[in-house]
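K.L.:
I have a structure here, written as structure tokens, and I will follow up with some questions on it.
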Amino acid sequence: MENYLLYESLDQNESIDQVASDREYPPDLMESYTRPVSQTSNGLDTNPIPSNCYPEMGQPSESFTPLQYQYLPYGNGTSGFYGGPESTAAPVDEDPYYSWTNDEMSPLSKEEIKDIFTEVEQLFGFQRDSAANTYDHLMVQLDSRASRMSAPLALLSLHADYIGGENANYRKWYFCCQQIEDPELFGGVNVKEIKRKLKEISDSSVANFYPKRKIEVIEFRWRQRMQQLSSTDLLRELALYLMIWGEANNLRFAPECLCFIFKCALDHMTFCLGQDSCAEPEEKDFLKRVINPLYVFYRDQQFKLVDGVFTRREKDHHAVIGYDDMNQLFWYHKGLERIVVATENVKLLSFPKEYRYSQLGNVIWKKAFYKTYREKRTWLHLVTNFSRVWIIHLSMFWYYSSFNSPTLYTADYQQMINNQPKLEATLSVTALGSTVGCLIQIIATICEWSYVPVKWPGSRKLFKRFVILIVITCVNFGPSVFVLWMVPLNATSQLALALSIAQFCVSVITTIWFSFQPLALLFEFFPSSDSLGYDPMTVFTASYPKLDSTSRVLSILLWVLVFAAKFIESYFFLTLSLRDPVRNLFLLDVSRCYGESIFGNHVCRYQAIFALGLMYLADIVLFFLDTYLWYIIWNCVMSLSLSFSSGMSILSPWRNIFTRLPQRIYSKLLSTGDMEVKYNPEVLVSQIWNAIVISLYREHLLSSDHVHRLIYDKLLDEDNGKLALRTPSFFLLQDDGNKNMSDFFVRNSEAERRISFFAQSLSTALPEPIPVEAMPTFTVLIPHYGEKILLTLREIIKEDPHSKMSLLEYLKHMFPHEWRYFVRDTKILSSNEDPDQDFKFESEKEYVENKLSDMPYYCVGFKTETPDYMLRTRIWASLRTQTLYRTVSGFLNYKKAIKLMHRVENPEMLEYFGGAENAEKYLNVMALRKVRLLVSVQRLQQFSDSEREDLHVLLRSSPEIKVSCLETDVSPSDGSTRYYSVLYEVTDDDDGNRLRLVYKIQLSGNPILGDGKSDNQNNALIFYRGEYIQVIDANQDNYLEECLKIRSVLAGFEGLEVDKISPYVHASTGSPKSPVAILGAREYIFSEHTGVLGDVAASKEQTFGTMFARTLAEIGAKLHYGHPDFINAIFMTTRGGISKAQKGLHLNEDIYAGMNAICRGGRIKHCDYYQCGKGRDLGFGSILNFTTKIGGGMGEQMLSREYYYLGSQMPLDRFLSFYYAHPGFHLNNLFIMLSLELFVLVAFNLGSMKHELIMCVYDKNVPITDLQIPLGCQNLQPVLDWVTRYVLSIFICFFISFLPLVLHELSERGPWKACGRLMLHFCCLSPLFEVFVCQIYATSLKNDIVFGGARYISTGRGFSISRVSFTKLYLSYAPTCIYSGMRLFLVLLFAVVTMWQPAILWFWITFASLCFSPFIFNPHQFSWTEFFLDYREFIRWLSRVDANEHGSSWISYIRNTRSRVTGLKRPKKGNGSSQMATANFSKPPFFNVFMADIFMPFIQTTFITTAYMFINAQNGVRNPVESNSLIRLGIVSLTPFLLNTIVLLCIFPLSCLAGPLLGLCCRRAPEALAALAHSGGLVVHVVNFEVIWALEGWNVGRAIACFTASIFVQRFLIETGKVLFLSREMSEDYGNRAWWSGKWITKGINWRYMLTQPLRELAVKIPEMSLFAADFMIGHVILFCITPLLFIPYIDHWHSCLLLWISPSKRLRGPIHTTSQRRLRRRRAQKYALLYLLIMVISLVIIAVPIIVGGRFDDMLLAYIPKGNFGLVQENNQNNNDTGEMAPAYILHGKPAEPGFSTYWI
């Protein structure tokens, strides 16, 4: 054995890893571990890299330098640029790949690499531009790595990352699905023999080195295979992979598909290189034969060709084979076996592997692909994906509630005895909580069956799980059959007691097991051994990165604290508060009600049970809401703790941020080495600090006085006469009590914020920066579609007709000091004089003239209308709004920072290069090597002239940027459209900066098949360079001081330290750490303080992007949110890219990249010391559009497979972190609004009971066993007290949203600013906005899951300073909020009349929020003239008939709303209609619509109707009269429809006969007929309202109940008719126009619809009449409620100032109108003011008449009511007091005997 002891000659200075890389295995073990590995095909470089190229792996090499500098680095205190006294100026080497080409150990020159690329290009027919692009791509990566390691190791590490390393996606795929294809690698492993021989090794440390398991042996063989590759082979494989990736177009979203193509191509290349000659295909052969068929298959899944135009198919996600379905075919070998070649009709795998590539063009992909996961549009995804959430909550709720509801299972319960149930009954009922969990697991399994096809190899063994779950359910439920059913409740049994105890123990164990164990691993006790640890479902969906010990403890601790607090609080606050209401409602005796004449009291006697059921449902919702509340609290606490401990918090008392700032700049930003030996650190720091200050000055953030106080100055030292540096007194700010911030900055200015954060951030631990020359190359990627590039002068200074100030005026108000500094600079430029110097004026007139002469500067920023000065104003404004110019300008600071740091760290550079010019040239070369700014301008070819001019300005100021775009042309051969990915660079010519074509790569087709942004990113991705990508949106900003930290930020990827072990050498120690895939950074929302709404949006973004991200990253739950995250480019591009792009499904495209990274083993970190600027939505509409997009996108996420993988496989703590950070937030909003709907039902039912029952005298301090007074009363007070607690819980859940804002402000800016910001939000009524946003979130989520149609919504991010018309606001938010608010209003009226208590005030606030928020947060809403002009537009909107003639009309609004359910008929071929061009033509699933629009309204209507029946049930009346309240409700609900039908049938003949004739002379005849019909419908509903009062005997409570119930019934009937009986809506408004005009033939109605369309139109017009009346009345109610505010003096001014956060002293003048315009506006306003006043008076009369009549003439009117009215008129003023002496005889008058328990026989 001593012959093969591995470490017998181990030198004490050598590491085990060093020896392991050089020594071979012993001969007798070598045969077991390895099999013959194929030699290289070309016979070149059989020993590719000499051992001396890796001094880390062998003997040290003196010539080895791990960091390849263009010029030597510092050493021994000497600058690398020091050339000696006789040195001459060194030339600047502009080689973009300098580190690679100048490394003496480079295995290949760049010319040899170019030849390899040419060889591969010609072998496969790649495009020349594509090959050139990928060549540059690879060379930049090689250069980037060679700058910090040896060139051979750079090549080897890149190959390992892309293809052969442990973290390479290709290797993972190969191990997953190529086991059968490669027996040489995977076969012939005798594990028993290996273990036997290892036992013979006496030294355990030696024995432990050898692989023991089969997979370890296979991995060793793989590394041996990789080691035998020559440098040429390594480079050739990289070139092949990158060229395939570069031409793959949309297939880059399918990474394993590319792996398969690469494998086939690699086999083909290996075969061809071994031949003397091989046929060379033509250029673009790879694109046409391999990529095009796959692209066409995917495109045809969603589009079909109609009249030469691709039209989207009407298919939902479950019917579309998407990117993920295509990709997952290649996960398993069984999937590869489905690939069939058309010409041979045989499987592709039946061909020898070297011939498979040539057959790819003949594959029938349609036969191969199928759905691997069905994204069905159903809520049941939540059961499967989040089963553990439901189990934890519903099971615990059952435990709590069943234990505290003993009344329900106590035999003969008597309150005056308060007898308790038997112990076994309590245990058995409580133990049924686990049965709830079992049922959830069974439902989840059944649903999973429907989502995951059984034929997919990755599907779970669901039948086994289902059977076991049935057995476990029987075990948990079975004992209750005996204990609760077979044994009477009043009998005891020893067996029952034993069974109940065992059942309870099993129940607890079952619940805990189900709560902790992921659904997918529920019964996977023995994982399959034939996958070798490389099961694709684990590798690609469950390779979650491991948390370190600290993060793991914090993750578990967070959820221990959350659920400990939640369970304690929920028990004592929620569950115990329900104990008394349960008992009282269960015992409530309402059998004394008379009920209906038809079926008596069979319904009303169960009213208390109905109310109890609703209260249980409401309590369940609160039980869920509590958890999120405690999650927010503890998440904030943990985030604050992390911020406090790291030093990022302003509250960290030990951080002296300003005094120690110079030392920290030197130690944390500069890679100084031994520089302090020769150079004074203060000199180096001064250059950095002064550059920061000057950059602030150039951005007009500092005045010249501030600059002089902040910068280092050169002063003459009086002692030695030499120049010395004066340290700014700013650094002594914290130690000098005489100094304050205002001496250096304008208080609360942007400059103060930036410098404060910069100083604060340097007090944290930053990774040590490496030299600039050695830093990795990275790319900043900015996708652009239609965002503003640069504001035009017209946009800046022109006043909006609906605003009272121009954009420039608003900006000047928001940034007054910056505008003043800008004007000062402009005046200096124009006059070359300092405007601050003292001028002596000879007279006052001269002084005034001088000031008047300067007025243009302060008004528009310039005095002379020269292009340069106008452009300065445009740029100043653009840099303070959300423009691409601002983004590019900000992120070009990376270049400035790199040049600055490199120059400071190499002080002798100027001398070395012989002057500033060459030094600057060298710095530019260095910066361009290290950073690239890539702007992906998707629409460049379609730019307008103004956009091109703006782009030209951008290019002129930023010539360093690269521009990619999508271009098209028409093929001259067949006339088809060809698509290209194009890269431009900026070049100087005689005309200025222009774009020069660099690469033009043809694509397989239109790459924009999704929602746009992700496709745009993917189209530009092939042009990124380097190792990392920073993903940026076109509304962001960056700052020089933050860019200085870039080296530390990139060090966060943990890839800058040179690994001295070859990636293909067997490692002797544990598994490698998971790579960092994404590095998130915090955002500063620069749009904060731009009004209350802008600040609300900013605060939400800041708290989520900073406060929550800090905690989520620490506990491993952070995902990718798009901006401004850094991406590990190789990791992500080999795994599907930086986003996903299936239309609709991947609407929120960025987050899928984060989920993909987590599932595939990538870590996601957060960088708290680095920030970027970010703009956010500023106006009411734009914020809510963004909210709708996010809510709809979350609905799509819940359908996605990623949620299925994460929810069913993650460990509990990480799953909960993921759930509550992402879907839990949206479901929490849904639960909040569900609690509102439940309150409506609970309040209505309790109000009806309170109205009819006689209440007991209640004292909570009196024992419940005392006799209730008066005798026979009903104790409802505990139930009403529960309502107060219920409202309080909802109130807390709403206002917990302010907690993160307060704590974030507390941490970042201190307690005073935190309190000030909170109070400002409250004063501006932002809580109303929060309620409204919550409703939008909930509605958008619900609508997407039910109906679908989620799409990208362009929000627009301009300042919200313009007034939006009442009509636009109403039609935008009526379906989502206003209608719900009005239904709540009716219930609140009823509750106030019947069960008033102060807690209901919160729901009045909710009502105000839902109905009035759009108008409260509308600037200039309370202008008198605009108010009545708005009213005019509202009336005109209601009365418009022809939707084609008007852009907005009520009929269009109704049709669009209806088409959401019915779907749309597609327009005729060739019809150019654009009326509904953006509409979703697809029809939602019938079951979803049935449940949402029929079943749920039916449930609501049922509970409302039962409550209405109870209030008319004459409870306790001794001599009841006949009552038919249900028939009465039916009459008042159906009468409007009947009368509408009569009106329409009367008008229809008139329109058919007279309409065409009147149309010849009177174009408005259809509008007149429509107005007549709608007026008739309005009168019908007004009369019906008065009839309701009469039928209810003028009783207020009962009349409101009847009216509310009729509204719910009518809503149910309208929705039912719409879902069940209506055909699809026409895309054109033919039917509506024909109905009113009578022109059925000429309106374009197809002859097939001539008979059916009038009938359909009648069917829709009947409910339309009622809907018109509803919108008419609701709109007027809102206007009436707003009207009193108009009379408050200066209300419009104060309201606008409050919304926009501008000073009240600012004069807001209206837009300038001509005299005729003012006269016309005034006349219109006056006319409609009179109409408005008339309708207001009529409305008041309609409401006041029944109240007055009922109060004063009730008795007189009763005489006119016939006695035989069949109970249709409700009897009132009846005596229903049947308590006390009038109580029934069966009411107990004293305590009964206490019942005992009998003994059961067993």
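Note that Cβ sites are derived from N, Cα and C of the backbone, with glycine treated the same way.
Predicted automatically and left uncurated, TrEMBL annotations should be read as such.
Since we're looking at a predicted model, the values are computed, not measured.
Reproduced below are the annotations present in TrEMBL:
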| type | residues | note |
| --- | --- | --- |
| DOMAIN | 232-344 | domain '1,3-beta-glucan synthase component FKS1-like' |
| TRANSMEM | 379-400 | transmembrane segment |
| TRANSMEM | 431-454 | transmembrane segment |
| TRANSMEM | 466-487 | transmembrane segment |
| TRANSMEM | 493-516 | transmembrane segment |
| TRANSMEM | 553-574 | transmembrane segment |
| TRANSMEM | 1225-1246 | transmembrane segment |
| TRANSMEM | 1286-1306 | transmembrane segment |
| TRANSMEM | 1486-1511 | transmembrane segment |
| TRANSMEM | 1531-1557 | transmembrane segment |
| TRANSMEM | 1596-1614 | transmembrane segment |
| TRANSMEM | 1665-1687 | transmembrane segment |
| TRANSMEM | 1729-1749 | transmembrane segment |
K.L.:
Determine how many residues of the domain '1,3-beta-glucan synthase component FKS1-like' (232-344) DSSP places in helix, in strand and in coil.
P.N.:
74 helix, 10 strand, 29 coil
K.L.:
So if I exclude everything within five residues of the ends of the transmembrane segment (1486-1511), which remaining residues of that chain have a CB under 8 angstroms from its CBs? That is, six or more out.
P.N.:
377-378, 590, 593, 595-596, 603-604, 607, 610, 614, 1237, 1240-1241, 1244-1245, 1247-1249, 1251-1252, 1342, 1345-1347, 1461, 1525-1526, 1529, 1597-1598, 1601-1602, 1604-1605, 1608-1609, 1611-1612, 1615-1616, 1618-1620
K.L.:
What average pLDDT does the predicted model assign to the domain '1,3-beta-glucan synthase component FKS1-like' (232-344)?
P.N.:
93
K.L.:
Tally Cβ pairs under 8 Å between the transmembrane segment (1665-1687) and each listed stretch (431-454, 466-487, 1225-1246, 1729-1749), then give the stretch with the top tally.
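P.N.:
Looking at each of 431-454, 466-487, 1225-1246, 1729-1749 in turn, the most contacts to the transmembrane segment (1665-1687) are made by 1729-1749.
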K.L.:
Quickly jot the same-chain residues contacting the transmembrane segment (553-574) by Cβ under 8 Å, restricted to those at least six beyond its ends, or write none.
P.N.:
392, 396, 400, 547, 619, 622-623, 626-627, 630-631, 633-635, 638, 1111, 1114-1117, 1212-1214, 1216-1217, 1285, 1289
K.L.:
Using Cβ distances below 8 Å and needing 3 or more such pairs, separated by at least 6 in sequence, tell me whether the transmembrane segment (1286-1306) contacts the transmembrane segment (1225-1246).
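P.N.:
Yes, these stretches are in contact.
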K.L.:
Could you give the residue numbers and ranges of same-chain residues that sit at least 6 residues beyond the transmembrane segment (493-516) on either side and whose C-beta is under 8 angstroms from one of its C-beta atoms?
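P.N.:
Same-chain contacts beyond the flanks: 387-388, 391-392, 395-396, 423-425, 427-428, 430-435, 437-438, 440-441, 472, 475-476, 479-480, 482-483, 487, 522, 1212, 1799-1800, 1802.
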K.L.:
Checking distant contacts: for the transmembrane segment (1596-1614), what same-chain residues at least six beyond its ends satisfy Cβ-Cβ under 8 A?
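P.N.:
Hits for the transmembrane segment (1596-1614): 1244, 1247-1248, 1251, 1383, 1386-1387, 1389-1390, 1393-1394, 1494, 1497-1498, 1500-1501, 1504-1505, 1507-1508, 1511-1512, 1528-1530, 1532-1534, 1536-1537, 1585, 1588-1589, 1663, 1666-1667, 1746-1747, 1750, 1770, 1772.
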K.L.:
Excluding the flanking five residues on each side, which residues at least 6 beyond the ends of the transmembrane segment (379-400) place their CB within less than 8 Å of a CB in that stretch?
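P.N.:
For the transmembrane segment (379-400), the nonlocal Cβ contacts are 430, 432-434, 436-437, 440-441, 443-444, 447-448, 451, 511, 514-516, 518-519, 563, 567, 570-571, 574-575, 619-620, 623-624, 627, 1198-1199, 1203-1204, 1206-1208, 1212, 1215-1216, 1219, 1223-1224, 1227, 1345.
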